[in-house]
Amino acid sequence: MGESARGGGSAETTGGLAAAVKTYLEYTPTGESIPAAAWRRRHRNVRVFVLAHIPLLLALGLYEGTESAVTGATIPPTPGILIAAELGIVGALVGLASIPSVSRRGRTALASTAVLASSVVLVQFSGGFIEAHFHFFVGMAVIAVYEDWLPFALGLVYVVFTHGVFGMINAERVYNHTAAINNPWVWGGIHGAFVLLLAGALMANWYSTERSREASQKRLEEARQKAQQVEDLEARQAEIEAEKAEAKRLKADAEEAREAAEAQQREVAALNERLEATANTYGAAMARAADGDLSVRLDPDVENDAMAAIAASFNEMLDETETTIREIQAVASDVAAASEDADAGVVEIEDASGQVSETVQEIAAGADEQREKLETVSGEMTDLSAAIEEVAASADSVAERSHETAAVAGDGEQTAEQAIADSRTVQSAVESTVQNVEALDDQLAEISEIVDLISDVAEQTNMLALNANIEAARADKSGDGFAVVADEVKDLAEETRASAGDIEALVADIDAQMQATVTEARTADESVQDAISAVDAVVDAFGTVAENAEETDTGVQEISTTTDDQAASTEEAVSMIAEVSDISTATAADAQQASTAAEQQTTAAATISENTAALREQADRLQGLVSTFDVHDESASTAARSE
C-alpha cells in the first residue's frame with residue numbers, strides 16, 4: 001500500500017516535472033514578441049556597439065610594452081596581419097548583419113557573433129588578462145536585448161570553442177595563469193559554465209517577465225472585453241430609449257391620423273350634401289336646355305373640380321350650340337332673301353342668254369374670215385424667211401473666208417517675227433565670229449613676234465657655235481670635244497631657224513585667211529541686217545493684212561448675225577401668224593360652242609328658276625324650325641362672354 005502510494009507520488013512528480021519543462025519551453029523567448037520597429041532600433045544599437053570597439057581594438061593591437069601610467073599592464077606585440085584579419089572578421093560580421101534580405105533571426109545571430117568576436121579579439125590583443133574575459137559577460141548582457149535564446153546558445157558554444165581552440169594554439173594569448181595555460185579546454189568549459197549560468201539567470205528573468213506579461217495581457221484583454229460589454233450595454237440601452245421615443249412618436253402620429261380621418265369623414269359628408277344640391281341644380285338647368293331654352297347656363301363656381309369642369313364644358317357646348325342656331329337663323333333669312341333675288345336674276349339671265357347666242361354666232365363668222373387672211377400672210381412670210389436664210393448662208397460663207405484670211409495673216413506675221421528672231425541670232429553669231437577672228441589675229445601677231453625672237457636667238461646661237469669652233473681650233477686636240485658640242489649646237493640653231501621660218505610662213509597664211517574671213521563675216525552681217533529690215537517690212541505688211549482681215553471678218557460676222565436675226569424674226573412671225581390662225585380657228589369653234597352653251601344656259605336658267613322657288617320654300621320651313629329655340633341677343637351674348 002505504501003509502495004503503491006510512493007509509486008503514485010513518483011508518477012505525479014514525473015508528470016509535474018514534464019509539465020514544468022514544457023511550460024518553461026513555451027515561455028522561452030524567441031524574439032518574435034518584439035515589435036519590428038523596436039527590434040530594428042535594438043539591432044542598430046548592437047551594431048553601433050560593435051563598430052565602436054574597432055578603433056579601440058586597433059589601438060590596443062598596435063600598442064606594445066608596459067602601460068605604467070594607470071594599469072601597469074604589459075601588452076605583448078601583435079602581428080599586423082593578425083590585427084587586420086581579426087578586425088576584418090568583426091567588420092564583416094557587422095556588414096552581413098546589416099543586409100535587409102537576411103532573415104531577422106539570421107541578422108540577430110550575425111550581430112551576436114560580432115559582439116562575441118570583439119570579446120575574443122580584446123582577450124587576444126591584451127595578452128590574456130583575466131579582466132579582459134569579463135567582456136564576454138558584458139557581451140552576453142548586450143545580446144540579451146534580442147530576447148532570444150539563440151544568441152545565448154551561440155555565446156555558450158562560441159566561448160567554449162574559442163577558449164579551447166585558441167588555448168591550444170597559443171594559450172598565453174588567452175590565459176595569463178599557468179593552470180589555464182596547461183588545461184585550456186577545462187578552463188574553456190569553466191568559462192562556458194559561467195556563461196551558461198548567466199544565460200540561465202537572464203532566461204529565468206525572461207521567463208518570469210513573459211509570464212507576467214502574459215498575465216498582464218490576459219487581464220488587459222479581460223478589461224477590454226468588460227469595457228466593450230459596458231459599451232455594448234450602454235449602446236443597447238440608448239437603442240431601447242430611442243425605440244421608446246419612436247413608439248411614443250408613432251402613437252402620437254396614430255392619434256393625429258385618427259383625428260384627421262374623422263375630420264375628413266365629416267368633410268366628405270358635407271361635400272356629398274353640397275354635391276347633391278349642385279347636381280339637382282345642374283339637372284334642372286339641363287332639362288330647360290333640352291326643352292329648347294339655350295339661354296340657360298350652369299354655375300361653374302362650385303367646390304368640386306369635377307362638377308366645375310362639367311359646368312364649364314356644358315356652358316361651352318351651349319355657347320357653341322346657341323351660336324350655331326343663331327347662324328342658322330341668319331342663314332335661313334339670307335337664303336330666303338337670296339332666293340327672291342335669284343328668281344329675279346334668272347329672268348334677266350334668260351334674256352341675256354339669247355343676246356349672247358346671237359353675238360357669238362357673229363364672232364364665229366368673223367373668226368373664219370380672219371383665219372383665211374392669216375393663212376395667206378403666213379405663206380408670203382414663209383417665202384420671205386427662205387430668202388433671208390439664203391442671204392444668211394452666203395454671209396456665213398464670206399465670214400468664214402474672211403476669218404480664215406485673218407488667221408493666215410496672223411500665222412504669216414508670227415512666222416515673219418520668228419524669222420526676224422532667227423536673223424538676229426545669226427547676226428549675233430556673225431558678230432561674235434568677227435570678234436573671235438580679230439582676237440585670233442592679235443594672238444597670231446604675238447606668235448609672229450615670238451617667232452622673230454626665236455629666229456634672233458637661233459642666229460645668235462649660230463654665231464656662238466661658230467666662235468666655239470674657232471676657239472676649239474685654237475685649243476688643238478684638247479678642244480676636240482668642245483668642237484663636237486659646238487657643231488651640234490650649230491646644227492640645232494640651223495634647225496631652229498628653219499622651223500621658225502616655217503612657222504612664220506604658216507602664221508602669214510593663217511593671217512591672210514583670217515582677214516578674208518573677217519571680210520566675209522562683215523559682208524554676211526550686212527546681208528543679215530538687210531534681211532532683217534526686209535522681214536520687218538513683211539511683218540508690217542502681214543500686220544496690215546491681219547487688221548484688214550479682222551475688220552472684214554467683224555463686218556461680215558455682224559452682217560451674218562443681223563441676217564440670222566432677221567431670218568429668226570421672220571420664222572418667229574410666221575410661227576406667230578400660224579398660232580394666230582390656229583387661235584382664230586379655235587375661236588370660231590369656241591364661238592360655236594359658246595352659242596350652244598348660251599342656248600343651254602337659257603334652258604338651265606329656267607331650271608334654276610324652278611329650283612330657286614323650291615329653295616325659298618325650304619328656307620321658310622327652316623326659319624319655322626329654328627324659331628322654337630330661345631337664344632340670347634348676339635350683342636348681349638358677346639358682351640357677357642367678354643365680361
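The backbone N, Cα and C atoms fix where each Cβ goes, and this holds for glycine too.
Swiss-Prot annotations:
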TRANSMEM  48-68  transmembrane segment
TRANSMEM  79-99  transmembrane segment
TRANSMEM  115-134  transmembrane segment
TRANSMEM  149-169  transmembrane segment
TRANSMEM  184-204  transmembrane segment
DOMAIN    273-326  domain 'HAMP'
DOMAIN    345-581  domain 'Methyl-accepting transducer'
Original post:
Near the transmembrane segment (79-99), which residues from the same chain, at least 6 beyond its ends, have a CB less than 8 A from one of its CBs?
Top reply: 43, 47, 50-51, 53-54, 57-58, 61-62, 107, 110-111, 113-114, 117-118, 120-121, 124-125
Original post:
Taking DSSP states H, G and I as helix and E and B as strand, how many residues of the domain 'HAMP' (273-326) are helix, strand and coil?
Top reply: 40 helix, 1 strand, 13 coil
Subject >> For the transmembrane segment (48-68), distant same-chain residues with Cβ under 8 A (at least six beyond the ends) >> reply: 74-78, 82-83, 86-87, 90-91, 93-94, 111, 114-115, 118, 121-122, 125-126, 142
